[in-house]
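These come from TrEMBL:
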- D52: active site (ACT_SITE)
- D54: active site (ACT_SITE)
- D128: active site (ACT_SITE)
- 34-159: domain 'Poly A polymerase head' (DOMAIN)
- 186-245: domain 'tRNA nucleotidyltransferase/poly(A) polymerase RNA and SrmB- binding' (DOMAIN)
- 296-409: domain 'Polymerase A arginine-rich C-terminal' (DOMAIN)
- 399-447: region 'Disordered' (REGION)
Amino acid sequence: MQTLRASKCGLSTSQLPSSILDVIDSLTKAGYEAYIVGGGVRDLMLGLNPKDFDAVTNATPSQVKEVFGRRCRIIGRRFELAHVYSGRELIEVATFRAPPKKAVTSAQGMILRDNNWGTIEQDFARRDFSINAMYYQPRKGIVLDFCHAVDDIKSKTLRLLGDPALRFEEDPVRMLRTLRFAAKLNFNIDPAILDVFTPEMTQLLRDVSPHRLYDESQKLFTMGHLHRIMPMLIEFGVWRQLFADIPQKITKFIELAAKNTDQRIQIGKTINPAFFYAVLLWETFLERVDFYTSKGVVPTEARAQAGLDVLKRQATRTIIPRFAETFVREVWEMQSRLLNPKPQQIEALSGHARFRAGFDFMLLREKSGDTSSNGMGSWWEAYQNMTTDEKERAISAYNRQRAKGRRKAQDEVAPDSKVSNQIEPLVKETESRTRRSRRTQTQRVENSKVMMTSTNDAMTISPDHPILKRKRVKRDLNQVVFGPTQ
Ligand code: ATP
Ligand code: MG
C-alpha cells in the first residue's frame, strides 16, 4: 500500500461539495475512519466531473445511524448501506466489507448475501477495478493506493482486482461495468479481462435479477457514450443477454437515437431512458402488430396487445417499471395518432404530454430513412413553428389532402368519425396490483391463451381468443376520460 499526497494526484478539498465533507467530518469527529472512494475519486483524478461521491467507513450502518440520526436511513439487503442526507444531497455511506464468512452464493457462484464488516484492506480487495479502489481522506490530504491504481489511471487501463474469471462469476454485472467504464473513460481493457470475457461468460448475466439489469441498462443509456458502447455490447455478446428479441445489429434508427441521446446529455438536457427502450423494441413491436392484424385483430387492439406482449417479454431480461412501460406504449401509440390525426384534434395533440416524445421518435424514424410516416414528422416540425393563422391554413390543406385520400380508400373510414376535438388517452391504464391479483380465474385462463414462445414465428393465438372477437366499439365520448396522460 502506498500513501500518496492528494495534491500530487490533482485533488483538493475545493473540488468537493460541502455535503461529502460534512459526512467525512461528522464520522471523523465521532471517532471513525472515513474516506471518499470509488467513481468520485477516479473522476476527479481524470479531470472529469464526478456524478456523485460515495463514502466508506469503519462504522457499521447502525453506528452511522447513531452519528446522523434522522438524516440517515439504512437500506439494502444483499449490501446493507447507510443513506445520509446532507442538505439536499444524499450520500451513500458503506461500511468496510470482509469476504462473506459463510458463502451465501448461488449454484453459479454468485454472491447473494453479503454483510460482513471488515478492514480497509479487505474492503479494497472486494472492489471491482483498481481505479475504483482508491481511498481519499480529504482533510488529511492523502490517498491510499493499495495496487498502483495511479499507474492504471496514467496508462488508461481498466484492470480488475484479482482473477477476472472469478470476479465475473461472483458478480456478472462486472461485465457490464467493464464495458461501461471502458466506453465512458475511453480506457483500454486489460488483456487478462479480454481473455475471459467470452460469449459463454456473458451467459451468466441470465442469473442476474431483471431489476438489477434494468438499473444497469439505465446507466448504460444515460452515461453520455451510448453510441460508443453499443458496438461493444454487441461484440462481447452482452446485447443479446440484455434484450431478448431485438436484432443483433445497430439499425440506422437505433444509431441516430443513441447519438441524439448522447448529444442531449452533453448539453445538459434531460432524457427519459424509457425513450431508448421504445426505440430498441420498435421493430419487434411492429412485427407483433403485423402478427395480430394478420389474424384479423382490429389495428387499435393489435397495437395495444402487441405493446403489452413485447414489454412483457423484455421484462424477463430487464424489468421495466410501470411508468416506463406506460411511457413506451404511449410513444408507440403516438406514432399512429401523429401519422393520421383528425384535423379537429391537431392542436390538442400538439399539447399532449406525450407529444414531444412521440414527435421526436417520429422525426428520428424519418431521419433514419423510414418513409412509412409519410413525412408527418416534418409536417409536425413545421407546424410547431407556425403562427395561429399559418396553423389554420396548414390544417385546412392537410384536411383537403386527407379527404382526397379518404375518398380513395372509403372502406378505411372509421364508423365513429364524428370526432371531438379532444383526444382519448393513448393507452389504457394498467390495472393496479391489488385489482390485478383479484382478477378472476376465467380471465386468467383467457389471457393465457395468448402464448408467446421463444421465437416470434412460433407465437400462437388461439382462434377463440377474445381479442379476435372484439369489434371496434363505438365509444360514448361522455364516458371517456380525456386529456393528457402522465
Ligand atoms: P459511477 O458512479 O461513475 O457510475 P462508480 O465507480 O462510482 O461509477 P458505483 O456503482 O457508484 O460506481 O459504485 C461505487 C464503488 O463501489 C465502485 O467504484 C466500486 O469500488 C464499488 N463497486 C460497485 N459495484 C461493484 C461491483 N459490482 N463489484 C465490486 N465493486 C463494486
Ligand atoms: Mg458512484
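Here the Cβ of each residue, glycine as well, is placed from N, Cα and C on the backbone.
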For this session: Please spell out the DSSP helix, strand and coil residue counts for the domain 'tRNA nucleotidyltransferase/poly(A) polymerase RNA and SrmB- binding' (186-245).
Result: 42 helix, 2 strand, 16 coil
Exercise. Within the chain of D54 (active site), which residues six or more apart in sequence place their C-beta under 8 angstroms from its C-beta?
Worked result: I36, V37, G38, G39, G40, I91, E92, V93, A94
Seminar exercise, completed: Looking at the active-site residues D52, D128, the one with the fewest other Cβ atoms inside 10 Å is D52
Seminar exercise, completed: For the domain 'Poly A polymerase head' (34-159), the DSSP residue counts stand at 35 helix, 40 strand, 51 coil
For this session: Pop the mean pLDDT for the domain 'Polymerase A arginine-rich C-terminal' (296-409) in here, whole number is fine.
Result: 90
Seminar exercise, completed: Counted with DSSP (H/G/I as helix, E/B as strand, rest coil), the domain 'Polymerase A arginine-rich C-terminal' (296-409) has 85 helix, 0 strand, 29 coil
Problem set entry | Rounded inter-Cα distance in Å - D52 (active site), D128 (active site) | 18
